[in-house]
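For reference, Swiss-Prot has these:
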- E164, N248, S272, H273: adenosine binding site (BINDING)
- 371-388: compositional bias 'Basic and acidic residues' (COMPBIAS)
- 401-410: compositional bias 'Polar residues' (COMPBIAS)
- C68-C154: disulfide bond (DISULFID)
- C71-C143: disulfide bond (DISULFID)
- C74-C161: disulfide bond (DISULFID)
- C254-C257: disulfide bond (DISULFID)
- N142: N-linked glycosylation site (CARBOHYD)
- N149: N-linked glycosylation site (CARBOHYD)
- 322-410: region 'Interaction with GAS2L2' (REGION)
- 1-4: topological domain 'Extracellular' (TOPO_DOM)
- 30-39: topological domain 'Cytoplasmic' (TOPO_DOM)
- 64-74: topological domain 'Extracellular' (TOPO_DOM)
- 98-117: topological domain 'Cytoplasmic' (TOPO_DOM)
- 141-168: topological domain 'Extracellular' (TOPO_DOM)
- 194-229: topological domain 'Cytoplasmic' (TOPO_DOM)
- 254-261: topological domain 'Extracellular' (TOPO_DOM)
- 286-410: topological domain 'Cytoplasmic' (TOPO_DOM)
- 5-29: transmembrane segment (TRANSMEM)
- 40-63: transmembrane segment (TRANSMEM)
- 75-97: transmembrane segment (TRANSMEM)
- 118-140: transmembrane segment (TRANSMEM)
- 169-193: transmembrane segment (TRANSMEM)
- 230-253: transmembrane segment (TRANSMEM)
- 262-285: transmembrane segment (TRANSMEM)
Amino acid sequence: MGSSVYITVELAIAVLAILGNVLVCWAVWINSNLQNVTNFFVVSLAAADIAVGVLAIPFAITISTGFCAACHGCLFFACFVLVLTQSSIFSLLAIAIDRYIAIRIPLRYNGLVTGVRAKGIIAICWVLSFAIGLTPMLGWNNCSQKDGNSTKTCGEGRVTCLFEDVVPMNYMVYYNFFAFVLLPLLLMLAIYLRIFLAARRQLKQMESQPLPGERTRSTLQKEVHAAKSLAIIVGLFALCWLPLHIINCFTFFCSTCRHAPPWLMYLAIILSHSNSVVNPFIYAYRIREFRQTFRKIIRTHVLRRQEPFQAGGSSAWALAAHSTEGEQVSLRLNGHPLGVWANGSATHSGRRPNGYTLGLGGGGSAQGSPRDVELPTQERQEGQEHPGLRGHLVQARVGASSWSSEFAPS
């Protein structure tokens, strides 16, 4: 693989990583059903993947050219991608622990896992990621080693900027890989294994003698589906990053082995960066709420088609009904937290916390409504078939939104 092919593929990955993960953050921003503790960690993971596309990949392309630079400047370029990798690892670990608590001790979940605590954990994860990734900047580097070839080519105090020339391989293997990549991955493997074993045991108990007050079988199955989706993301992370680390291990432990050819190194680097692209596809394929919100964003903001917003499988459609005096009528979808308008924007902060309201004036535009109205679900369905009906008001009974319900199988 030539350098021009490598650069072209890297740029394509960068664009896809930015677009896909911006879509994830956008979906969480506009859909209140996605605004929960677990998705705080998902957004943190998406932010790291956006930074890979914006910064890490351009840095990697720059380093691949072997340009002349001050050693510590080159070192910062080389280490920055390690910061983002570490942030992704910590986000995945936090998600695994969050799902473990949700399944093992569901009655205590809301008390233990709060938004404030989640944001604090995310902040700590990012601080630790910078500390671990930038450790070579503090002295664990090759800058003190004199390279006659670099001095001859680049001049005194400057080096040929290549990753292995500035970052020591013992740091990459012992510290970065063994301590902060492999160990967290094994921990996540153990957590998800315990999640599935606990869920299996609970499902068997429900079949034999269901106890009053326990979660229903369908709720637990949704939790398991959620855990499977996130376990897939962890598995893909390992699949994308382990080849590069395995090559580093061979380089470090087998001094007599032939160094990996450039095409293999390029392929391993591309595979590691491609991990930043795959997560949005997993969300879209496995998580119904994300999939519906992605469609809404693309159709409304990319294709410029105005259509009703869907959340949790229920349509938030505008009911064109008003009285003969022209007074406004609104449709409230019960069971939801603060929601979104039909055009995808957030509701007013003064809305009731148990639902969102679509106000329709005489002109049919969404606006504030003086009163909420409720109708049977059957009439709502009939109203969709006969949009010209006047005076029919609809109540769409939507169950309380929970994070696990987003993961209900399609």
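Numbering starts at 1 and runs along the chain as it is shown here.
The backbone N, Cα and C atoms fix where each Cβ goes, and this holds for glycine too.
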Integer Å value for the Cα distance linking E164 (adenosine binding site) with C68 (disulfide bond) is 14
Counting Cβ pairs under 8 Å that sit 6 or more residues apart, are there three or more between the transmembrane segment (169-193) and the transmembrane segment (5-29)?
no
Say you check the Cα of C254 (disulfide bond) against those of the recorded positions C68, C71, N142, C154, S272; which is nearest?
N142
Conformational class of C71 (disulfide bond) under the three-state DSSP mapping
helix
Using a Cβ cut-off under 8 Å, which residues of the same chain at least 6 positions beyond either end of the topological domain 'Extracellular' (254-261) come close to it?
247, 268
Selection from 5-29, 230-253, 262-285, the stretch that has most Cβ pairs under 8 A to the transmembrane segment (40-63):
5-29
For N248 (adenosine binding site), the three-state class that DSSP assigns:
helix
Leading stretch by Cβ pairs under 8 Å, where the reference is the transmembrane segment (5-29) and the options are 75-97, 118-140, 230-253, 262-285
262-285
For N248 (adenosine binding site), the closest of the recorded positions by C-alpha position, picking from C68, C74, N142, C257, is C257
Contact set of the transmembrane segment (230-253) with the rest of its chain, CB cutoff 8 A exclusive, min separation 6+ beyond the ends, reads 85, 88-89, 92, 95-96, 99, 164, 169-170, 172-173, 177, 181-182, 185, 188-189, 192, 259-260, 264-265, 268-269, 271-272, 274-275, 278-279, 282, 286
Integer Å distance between the CA atoms belonging to C74 (disulfide bond) and H273 (adenosine binding site):
19
Measuring CA to CA, name the entry from the disulfide-bonded residues C74, C154, C257 that ends up nearest N142 (N-linked glycosylation site).
C74
Name, in the order they occur in the sequence, the residues of the same chain whose CB lies under 8 A from the CB of S272 (adenosine binding site) and which sit 6 or more residues away.
T85, C240, W241, P243, L244
Cβ atoms other than its own within 10 Å of the Cβ of C74 (disulfide bond), all chains, total 27
